[in-house]
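Have a look at the structure below, then the notes.
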Amino acid sequence: MNDSKPEHLLAKKAKEPEAPVLYEDPPDKLVSKDGRDANMKITSWNVDGLRAWVKKNGLDWVREEDPDILCLQETKCAEKSLPAEITSMPEYPHKYWAGSSEKEGYSGVAMLCKTEPIKVTYGIGKEEHDKEGRVITAEFPSFYLVTAYVPNASKGLVRLDYRKTWDEDFRSYLSELDMQKPLVLCGDLNVAHQEIDLKNPKGNKKNPGFTPEEREGFGQLLEAGFADSFRQLYPEQTNAYTFWTYMMNARTKNVGWRLDYFLLSSSLLDGLCDSKIRNKALGSDHCPITLHIAV
C-alpha cells in the first residue's frame, strides 16, 4: 500500500505561509546591575484614542500592571471630554493632561502619578510645537520624567521637514534638562531606529518612521548622552515590536515596528533593571512598555 500523499495535497502544503515569529516578553528583572532593587515602575502606552481605549478595558490592564507612573500618548481627547473612569482613578491622585489647542481629537499626552511631582510643565517652550500637546515633563527628587508623542513625518513625508526641526528642538530641550538632573524619556518616538526594530526594513526606507533623516535624528539623541534602555539590555533581540498596523492582520503575524521607547540619561543606566514590551496587552495599535529602575 502506497503511503505517499496525493500530489495536489503536497503542493498545497508547500504554499502554507511560515508561522509568525512572536516575541515572548521574558520574566521581569527587578535588580539593577549595581545590585539595587527597582523602586520605580513606569508604564508608557500610545492608546490611539483614550475614550475608545477605556471602552476596550485598557484600565483593567493598567490596574493589573500597577505602575507608579502611567504615561499615555495619542489620547485624542480634550480635557473636558475625558471619561470619568480615568479622571476619577483613586490609584493615581495626580493627573496631568495636554491636548492640541487647535485640533480637537488630535495628538495629546497624559501622565498619571501615585506620588506628586515637584513640578510639572507642558511643551518644550516653542509655540510651533507646543500647540499640538505632545510633551509633559514632571520633576521628581532624583530625575525628570518626560513623556512625548513625537510628530509623524506623515504620508508622502509631507511633515518630514517639520519633524527634522522638532527633532533638533526636542534634543536641545532634553539636553538642557539633563544638565540639571538626569531624565527618563518615554513615549511614541515615531521612529524605528535600526533594521532590527521593524519587520520589513527594506520596503520601508522611504516611509514615515524609517527614513534616513528620522533615524539620524534618533541617533543624534543617543549621541547627546541618552540610551535606548531596551537595546542596552537586549541588543540582539529580534521580532520585538510595539506597533502593528490594523491592516493585513499585521499583529497576528507580528509584522511590526518598535516605535515606543524608554530613553535614559547615561547616569541612570547603572540603576536600569528591565525594559519590558507588553505585547500581549490589547486595546490599541500600540502595546504598552514598562520600565523597572532603581533611582
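Cβ atoms here come from the backbone N, Cα and C positions, even for glycine.
Looking at the stretches 1-32, 193-224, the one that TrEMBL records under the feature region 'Disordered' is 1-32. Residues within less than 8 Å, Cβ to Cβ, of Asp260 (site 'Important for catalytic activity') and separated from it by at least 6 positions along the same chain comprise Ser44, Trp45, Asn46, Cys186, Gly187, Asp188, Leu189, Thr242, Phe243, His286, Cys287, Ile289. Summed and averaged per residue, pLDDT over the domain 'Endonuclease/exonuclease/phosphatase' (44-286) gives 97. A distance of 8 Å separates the Cα atom of Tyr149 (active site) from that of Asn190 (site 'Transition state stabilizer').
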